[in-house]
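S.K.: The structure under discussion is supplied below as structure tokens; questions concerning it will follow.
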């Protein structure tokens, strides 16, 4: 059998040296060198030729085969590198061998041999990836077979080692090279620069500034192109440089990169890979050890019918189960698909509704902004009208109170004979000729005017003094009516420039009703009813302006705002009083507690209520009862209404007490019989009795709240009793009994009961 061999080129290779221990060994070498060429050829033929390590599907290395073996042929690039490295020493050694029959190991030869010997052993041909698989007859004739396993590695001889040491000593003595770093500890006498202990050299001292070397990267030599032609030339150069770099990058193929990596690995600059790259496996038919024929697979028996049927049955059952599961999955998917479609329809409906809701709320927001701007503009006008109404009522109240005070002072002066001391300095009244008018003359004039007013009133059945003299003089009444008319006209001017019907009458607005009907949840969650009350408050207060709630017997349910809120609160049947309320309840009560009661309290305290008038007390009681239907009695707003009425009663009581106290402190004059004293005392007591009667009527509605009973005792015991005792026999006792008749027995004091002989 032909064994695989490794083909090498015929160029001579320097033989490795073995250590020479004695002259005898040198002689043996000389004898070996004198052997004939035929003997060498015979030895070479007897050597076992090594197999190629390259295998492409061949048998294992331990087995022998007759197949062809592919050999590796190196590329031209790698061959040139190898030839350039080994050509010179091989030629030198060949010439030396041809000149001398045996090797001569002198110092010159050893030095030359050492210089030509490579530092590393050359790699075998199978490691080169550039090998070619073609082997022609010409290349076979130029190579010789060498057994790489019989070549032995020899150790240099002692003489060679000695010569190398001597050479190093000579070099050390001759001088130190530029790249030699001495390990001697002796100090050098040469000038070593500013840092003699350091072996480092400054970069600028060795290389300079580097402007010329790195000019390509630092743009030190670049020039700015100013002309149009020079800019085109510079742009063309840049494009050519870019094309050249792209071409250089594309020319670097895999073979060049692999060769560079191999050179780096051989030079020791790159760590060798832990494992060689895997060899591509190629299928090769298996051959026998004793014959080159291919082996055929063994014969497999034909399976029987029973196992095949069982396998088919198992496969069929498995397919049936799989089909059932797939069918159920398809049904579930179909059901899920239908649910998804339904959900999609629902979501689309929700999106459409959300879009409609968004567009509606955008319009509602714009309308609310318009209402806010309208209220910001109109509220200052409304507040001015309310202040004007309060000023008008206060002016009328001052006229009535001052006239009543002067009547009381005249009566006290008449039956007590002394003028009460007034806290306010009295002005001296003069007639048309500039003469001072005596007080008695003034009292007679006021008395005549009072009788004239009483005569003008239709009802004269009540005794004088007991009837309320709260009517104004003709001139004052005319002025009051004129001012009231101007106030009504100014109220109409507030909405004169408004054209939209919903801004004139909020009941005609559609937005609040649509919000409640379309988006009830949002309406209830946002307390839309309270928002409506807050927006509607302007029109309610505007309607109250100019309305004398005491003199005008109009009820609240006849007001325009009351009807609008009542119908809005009952979306079903507004005409049915027992109809079902909306989601926000009765908005009438909210409006009364929010806007009506606070405004009524200001009007009562400002002068709309006269506590000496029984008509006014009846009216305020009716109005309070009407409000009580919508507002709870215990609420803070309703208690504020009761408190305002009590404040007016308390103010009248304090005025009476101050008047009697000033009359007692005045200087008495000589007692003179005056036939008007008894009627004057009766008139004074009648007015106080009327005040007690009105207070008790109010107490029936409110109960013992805010001290109404205590106030009645103050009037009876402190005011009426002190005046009645002065004329007990001439009408005082009768007046006292009449005043006590209005009080419940629990409120009459024990001293008053003893005086009147009451049980």
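Just so you know, glycine gets a Cβ as well, placed from its N, Cα and C.
Keep in mind it's a predicted model, so treat the numbers as computed, not measured.
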S.K.: Which range is it, out of 249-280, 281-312, 313-344, 345-376, that shows up in TrEMBL as region 'Disordered'?
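M.R.: Among 249-280, 281-312, 313-344, 345-376, the range TrEMBL annotates as region 'Disordered' is 249-280.
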S.K.: What range among 425-451, 452-478, 479-505, 506-532 does TrEMBL describe as region 'Disordered'?
M.R.: 452-478
S.K.: Helix, strand, coil residue numbers for the compositional bias 'Acidic residues' (249-261) per DSSP?
M.R.: 11 helix, 0 strand, 2 coil
